[in-house]
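Pulled from TrEMBL:
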- G21, A23, V24, N28, S292, N324, L392, S396: Na(+) binding site (BINDING)
- C126-C135: disulfide bond (DISULFID)
- 15-33: transmembrane segment (TRANSMEM)
- 45-66: transmembrane segment (TRANSMEM)
- 87-114: transmembrane segment (TRANSMEM)
- 209-230: transmembrane segment (TRANSMEM)
- 242-269: transmembrane segment (TRANSMEM)
- 318-344: transmembrane segment (TRANSMEM)
- 350-368: transmembrane segment (TRANSMEM)
- 380-401: transmembrane segment (TRANSMEM)
- 421-442: transmembrane segment (TRANSMEM)
- 454-475: transmembrane segment (TRANSMEM)
- 495-520: transmembrane segment (TRANSMEM)
- 532-555: transmembrane segment (TRANSMEM)
Amino acid sequence: SVEEERANWGGKMEFLLTCIGYAVGLGNVWRFPYLCYKNGGGAFLIPYLIMLAAVGLPLFFMELAFGQFASLGPIAIWTVNPIFKGLGYGMVISSWLISLYYNVIIAHTLFYLYSSFTSQLPWISCNNTWNTENCLPYEFTLTDEELQKRCLNTSTWTTNEALRKSFTRINYTSTHAHNGSMNTPSEEYYKYYVLEQSESIDDFGTVNWKLAICLFLAWLIVGACLLRGIQSLGKVVYFTAVFPYIMLCILLIRGVTLEGAVNGIIYYLKPDFSRLSDPRVWSDAATQIFYSLSTCSGGLIAMSSYNKFKNNCFKDSLIVALINCFTSIFAGFVIFSILGFMAHEKGVEVSEICFFSFTGPGLAFIVYPEAIARMPVSPLWAVFFFLMMLTLGFGSQFSIVECVLSALTDEFPRYLRTHKGSYSFRITVMVTSFLLGLPMICKGGIHLLNLVDYSVGGFPLLVIGFLELFVLNWIYGYDRFAENIEMMIGFKPQIYWKICWKYVSPIAVMVTILCNMILYKEPTFDDKPYPSWAVALGWLISLFPIVVVPVWALFKYCTEGGFTVSLFYIF
């Protein structure tokens, strides 16, 4: 078959919306507000914005410029220094691993969206077949003698001052339910009905077929939207990038009109500057920047490679990075206004909401649904919330998967850029990814999903980011790279970018890597440690994208007789 020409974006807006959809994802809604609470409220914005300026924005601009100049995917682009082509493979492996568990989360969201089309949300009561005797209704009061007896007879409860105080309130807090053996209806719905969750990763169980159908549908949607590459993706993003903002605005307007919303927002913004002396806060800020802007996983290189050569990628990087930052902060107002209402309904402080006992998917599928269930006309708001989550998820997933597809297509154009070969390849990737995602929807699959998320989302991307900065600015050479940028946008990057790319960003990333290593804690799920074999598996997953870098370098050394030519530009 005849090799087809490489496509370009249909217009400037398609590229910008794709980048916004790629960068703005589920983490902006559930991870950033949690990190703000955990790390000093409004004070967390200081390290976050500093890391944005010192690391996030420089890397974002660098990757957009790199991809646009070469017009190649994240693997083929490393012809600038073939010895480091393993970096491209590391990026693509990271994106592929992320896509596997990201679509599982989207499958969960699809199921919740389907379940929200009802007159009464299924996670609103304890009267369902999946509920246990330890389910604590939202409306539990002092008059519920049977429930009081059940709580007091639970061995994990102790008669201390805090417990006695909790009985004087009209409603129990979800924090007590979480720390004891009592569960909220939303928690039991998610764990025992949606996930059919087993106790540990050792008890893996069988495939959860209702989630398997949702996962199949998720990959079907991804495949349909990416079948023609950026030509179809460029049209879809007009919806997936814009719709979440409409939903966020609607949810914020509803949220701030609820009683107690102001208390939630004050709690969100109230700064605790003493937390800034904790290195974990700065490490969390740097890691969140990588996580949120989606740098170092190849997607930005892939998306910008379809730009016209003279496109102003400098302006694009500022627009997308600042919109992403704004979205994270804006989402915090939405979430905390609703949590403030939830605290008001319970008659407790915002700090006592179980929001702070969960992280990751637990926030999206346990805490937020509980808050929504307490709102008037709750099914309508549940549909809005999960529609927003779904479009945010797909907006990122489309670009993550397209990164993998375009990278391999550019590396093997003779086989994969033909009309027939392209369609066959894309369908094969979708089917394979669906099959590899099935273990994460088994009854023990949530343990595996959490392990993969923990292993891929931080350390590998930081290492790849450091190596990328080093290779482009010290081996390929900053001066040469700056001349390449001048050819595209008409001017050389200012001294700020030189200082960041050559010194500030690499040092900041390396310090973050060292902090992560020093402060490393083995992964846990529901406060339970993983078995040693699972911890070892997590390390294998984490090191997989990194190990390919020296392996490829060794391969090139053996096949080409040394590094002399490849390292020429370091002198």
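Placement of Cβ uses the backbone N, Cα and C atoms for every residue, glycine included.
Curation does not apply to TrEMBL; its annotations are automatic.
Shown here: features listed in TrEMBL, placed on the structure.
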residue: G21; record: Na(+) binding site; DSSP (3 states): helix
residue: N28; record: Na(+) binding site; DSSP (3 states): helix
residue: C126; record: disulfide bond; DSSP (3 states): coil
residue: C135; record: disulfide bond; DSSP (3 states): strand
residue: S292; record: Na(+) binding site; DSSP (3 states): helix
residue: N324; record: Na(+) binding site; DSSP (3 states): helix
residue: L392; record: Na(+) binding site; DSSP (3 states): helix
Neighbour-count leader, CB within 10 A, recorded positions: A23, C126: A23
Cβ-Cβ distance under 8 Å, sequence separation of 6 or more, same chain as C135 (disulfide bond); the residues meeting this, in order, are C126, M182, N183, T184, P185, E188
Additional residues surrounding Na(+), by Cβ distance to the G21, A23, V24, N28, S292, N324, L392, S396 centre under 8 Å: I20, Y22, G25, G27, S294, T327, G395
Cβ-based contact of the transmembrane segment (318-344) with the transmembrane segment (380-401), 3 or more pairs under 8 Å: no
Using a Cβ cut-off of under 8 Å, list the residues of the same chain at least 6 residues beyond the transmembrane segment (45-66) that approach it. 36, 39, 77, 276, 281-282, 284-286, 288-290, 292-293, 295-296, 300-301, 304, 313-314, 316-318, 320-321, 325, 329, 465, 468-469, 472, 481, 484-485, 488, 493, 497, 500-501, 504-505, 508-509
Maximum Cβ pairs under 8 Å to the transmembrane segment (15-33) - stretch from the list 209-230, 242-269, 380-401, 454-475, 532-555: 380-401
Do any residues, 6 or more residues outside the transmembrane segment (87-114), come within under 8 Å Cβ-to-Cβ of it, and if so which ones? 26, 73-78, 194, 210-211, 214-215, 217-219, 222, 296-299, 301, 361, 364-365, 369, 382-383, 386-387, 389-390, 393-394, 396-397, 400-401, 403-404, 407-408, 433, 436-437, 440-441, 445, 449, 452-453, 456-457, 460-461, 464, 467-468, 471, 541, 544-546, 548-549, 552
Same-chain residues at least 6 beyond the ends of the transmembrane segment (421-442) with a Cβ under 8 Å from one of its Cβ atoms are 1, 4, 96, 99-101, 103-104, 107, 204-208, 211-212, 215-216, 219-220, 222-223, 226-227, 229, 401, 404-405, 408-409, 415, 448-449, 452
Please report, as numbers and ranges, the same-chain residues at least 6 past the borders of the transmembrane segment (209-230) whose CB is under 8 Å from any CB of it. 7-9, 14, 18, 103-104, 106-108, 110-111, 114, 194-195, 236, 303, 306, 394, 397-398, 401-402, 405-406, 422-423, 426-427, 430-431, 433-434, 437-438, 441
